[in-house]
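Here's what Swiss-Prot has on this protein:
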- 22-42: transmembrane segment (TRANSMEM)
- 63-83: transmembrane segment (TRANSMEM)
- 96-116: transmembrane segment (TRANSMEM)
- 117-137: transmembrane segment (TRANSMEM)
- 150-170: transmembrane segment (TRANSMEM)
- 194-214: transmembrane segment (TRANSMEM)
- 224-244: transmembrane segment (TRANSMEM)
- 257-277: transmembrane segment (TRANSMEM)
- 284-306: transmembrane segment (TRANSMEM)
- 350-370: transmembrane segment (TRANSMEM)
- 391-413: transmembrane segment (TRANSMEM)
- 434-454: transmembrane segment (TRANSMEM)
Amino acid sequence: MLKTIFSLIAIIPMTLSFKKQFFWTAFISSSFLMPFLFFIFTPLSFNSSFLMHLQNKLFGYDMISAPLVFLSLWMLPLMALASQHHMKKSPLSYQLLYITILIIMQTLLILTFLSTNLMNFYILFESSLIPILLIIFRWGNQKERINAGIYLSFYTLIGSLPLLASLLFLSNTLSTLYIPILMMESSEMYHSPILWLGCFSALLIKTPLYGFHLWLPKAHVEATIAGSMTLAALMLKLGGYGMIRLSLMPFLHSPKLSLILISIALWGAVMTSFICLRQTDLKALIAYSSVSHMGLMTASIMTLSLWGMSGAFIMMIAHGLSSSALFFLANSNYEKTNTRTIILLRHTQMLLPLTSLWWLFIILTNLAMPPSINFISEITIMSSLFLWSPLTFPFLALTMVITTTYSMSMFMLAQGKLSKMTKILSPFSTREHLTLFLHLFPMIAIMAYPNMIINIFC
């Protein structure tokens, strides 16, 4: 595991040893080796989800963290491929700074997933905010990026203060924050609603829960493509991963507060789906769609059942890949048309038929068409919530209907007869087709061998 981390950091000096014209080729090629090195150096067992393989006192992995680490490593070369067109005209020093920030961000995310101590998790959890803020502030295209960065930092830091206070209280009373030990602690003396809210506050904001979601659309719209892909594929998953870890600790179970949270999450999923129907900005639409999906994930985790956590975990992987691909497609359209306004993108897919096919594939996975892993995750989530309470079914059904409506309308708006004002667009490059294929490849692999993630909690 640590070999993978050191290899990831070593990409920077290795890339510098190549000539300027091979800079991005060397970085992308070496980044592609990282997921495979992780498999080689990390012995995995698909039948021991809660057996943590400890590397030292601070870091370890199990079948909950390992897939998310692999997803983090897999996304690094995809972010580089997506950013190449945007960054190639910048000075070499800026390009080096950019990939250094990407590697630092991925390293912090991986170490967060591998943390076996809650205080260590908290420090890395908050540290991962710094690289994404740098990307938004330095490489954002519009002056609104300052406002987006302020929203992101304000929401995240305000939510982190109760989490820090709760961890200090637990450390003082239990004398440990070691996750494997806390998973065995079942004393009822720590069952406190205030402690529960403190522990989950920062995670619910990072997910984000409806009501604390205002930072996400702003951050997505103003971030570069690598920032949007990181937010969609990995940053939002930090909240879900943390909630799963804490929900596996018996002394943090609170059925009454879970009931309130499930109600808010399902209501938020419906409301953000309605908001998607009225969006005019393509990236904002995809961002609100992420809030809706994360609402379902949060509700599933709060059922406190292994079946619900399994569905939430599958959705984390599936949504990470599909939403990242959607943001890449939106950015590619923006690079060719210089607009994200949906009404101005009408008929553009008639000029790019192969691109239209990619849109269809990614949208179908995002709205959970079988046999995609998104479909498996939503069926599992619906089953767990229906078993928890049949009253949740109307909210689930309404969310799925609205999701299908705005997803297909987003696709159909780009079809139709060409306007006389439509300019000729350059076709997708091999780089763009490769990036989209590499988003779909893990989904196809999991569909072929679903036990990789389905049986983790079973």
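Backbone N, Cα and C atoms are what each Cβ position is placed from, and that goes for glycine too.
For the transmembrane segment (117-137), the partner stretch with the most Cβ pairs below 8 Å, chosen from 22-42, 224-244, 257-277, 284-306, 350-370, is 224-244. Between the transmembrane segment (391-413) and the transmembrane segment (284-306), the number of CB pairs under 8 angstroms, six or more residues apart, is three or more, so the stretches are in contact. The transmembrane segment (96-116) and the transmembrane segment (194-214) are not in contact, since fewer than 3 Cβ pairs between them lie under 8 Å (pairs 6 or more apart in sequence). With a cut-off of 8 Å on Cβ pairs spaced 6 or more residues apart, the transmembrane segment (224-244) and the transmembrane segment (63-83) reach 3 or more such pairs and are scored as touching. Counting Cβ pairs closer than 8 Å and at least 6 residues apart in sequence, the transmembrane segment (63-83) and the transmembrane segment (257-277) reach fewer than three and form no contact. Take the transmembrane segment (257-277) and the stretches 150-170, 284-306, 434-454: counting Cβ pairs under 8 Å, 284-306 has the most. Listed as Cβ neighbours of the transmembrane segment (434-454) (distance under 8 Å, sequence separation of 6 or more from its ends, same chain) are residues 46, 67, 71, 74, 77-78, 81-82, 310, 313-314, 317-318, 321-322, 324-325, 328-329, 358, 361-362, 365, 371-373, 376.
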